[in-house]
Amino acid sequence: MSVSPVSIVSTPVAVSESPAGSPVQPAVPVTVRWRGSEAYQTSFDAMRAFTDTRTADTGDEIWVVEHPPVYTLGQAGDPAHLLVADSGVPLVKVDRGGQITYHGPGQIVVYLLLDLRRRKLMVRTLVTKIEEAVIETLAAYNLASVRKAGAPGIYVASGVHEGAKIAALGLKIRNGCSYHGLSLNVKMDLRPFLAINPCGYAGLETVDMASLEVAADWNDVAHTLVGRLIANLDGESAAADKPQALEHSND
């Protein structure tokens, strides 16, 4: 069954007066597009085209997608971090920051197409908001996770898999607008990570929520994550009706 993209929009709040009398900035609307299972190159070309053609009036968008198996290598990435040249998984060189990572079924990928100038966001602040959204999402499933200084992404906080990476992050900023985004491992085949130095770190363990004994539904986690992203970007709670479920596979 194919699933058509569905859009939901977070409603901006009205400008009001704070107790100190200074205006409170309204939330900036963002359209969430659920793109289903999509080839990485298709998403990559689409987000570049969206960013290249957007104007000051173009609305912000968040895209949620699941990719067939693919390795992506950041613009300053070292191909030597791909340890097995004939793995059968394609490699795509991209223009985001960071090194090499893997995308595949059972992983949530979220692309953030945001006008940072309009949102008055510094890149470091955006990264912090994204990381916090992932930490909050995992906490909703009773999983403790942390940031690591100098190593963008989210890592398991304690237990047998302490220090293992569960979410990756990489952005590109062009003309004050972001694209690319983050990936969160829910329930996937983790073996392709063994063929790379994930994010350029030799021997870095990569896990998913299933590895941590959380039997989470992909769609439920995706909606929790998107809700937290919107709330953090807006600086307030944000809720939206769930669109129809995406067709995806954890095989």
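Just so you know, glycine gets a Cβ as well, placed from its N, Cα and C.
Features reported for this protein in Swiss-Prot:
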DOMAIN    56-237  domain 'BPL/LPL catalytic'
BINDING   Arg96, Gly97, Gly98, Gln99, Ile100, Thr101, Tyr102, His103, Ala168, Leu169, Gly170, Gly181, Leu182, Ser183  substrate binding site
SITE      Lys165  site 'Lowers pKa of active site Cys'
ACT_SITE  Cys199  active site, acyl-thioester intermediate
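If you draw a 10 Å sphere around the CB of the residue listed as 'active site, acyl-thioester intermediate', it holds 21 other CB atoms from the protein chains shown. Using a 10 Å Cα-Cα cut-off from Cys199 (active site, acyl-thioester intermediate), the binding-site residues that qualify among Arg96, Gly98, Ile100, Tyr102, Ala168, Leu182 are Gly98, Ile100, Tyr102, Ala168. Arg96 (substrate binding site) sits 19 Å from Lys165 (site 'Lowers pKa of active site Cys'), counting Cα to Cα. In the three-state DSSP scheme, Arg96 (substrate binding site) falls into the coil class.
Pairwise Cα distances among Arg96, Gly97, Gly98, Gln99, Ile100, Thr101, Tyr102, His103, Ala168, Leu169, Gly170, Gly181, Leu182, Ser183, the recorded substrate-binding residues, top out at 16 Å. On its own chain, Leu182 (substrate binding site) has Val109, Val110, Leu112, Ile130, Val134, Ala167, Ala168, Leu169, Gly170 as residues at least 6 apart in sequence with a Cβ closer than 8 Å to its own Cβ. Of all the Cβ atoms in the protein chains shown, 21 others lie within 10 Å of the Cβ of Arg96 (substrate binding site).
Lys165 (site 'Lowers pKa of active site Cys') and Ile100 (substrate binding site) are 13 Å apart (CA-CA, integer value). Between the C-alpha atoms of Lys165 (site 'Lowers pKa of active site Cys') and Tyr102 (substrate binding site), the distance comes to 12 Å. Same-chain residues at least 6 positions away in sequence with a Cβ under 8 Å from that of Tyr102 (substrate binding site) are, in sequence order, Pro69, Val70, Tyr71, Thr72, Val89, Pro192, Phe193, Ile196, Pro198, Thr206.
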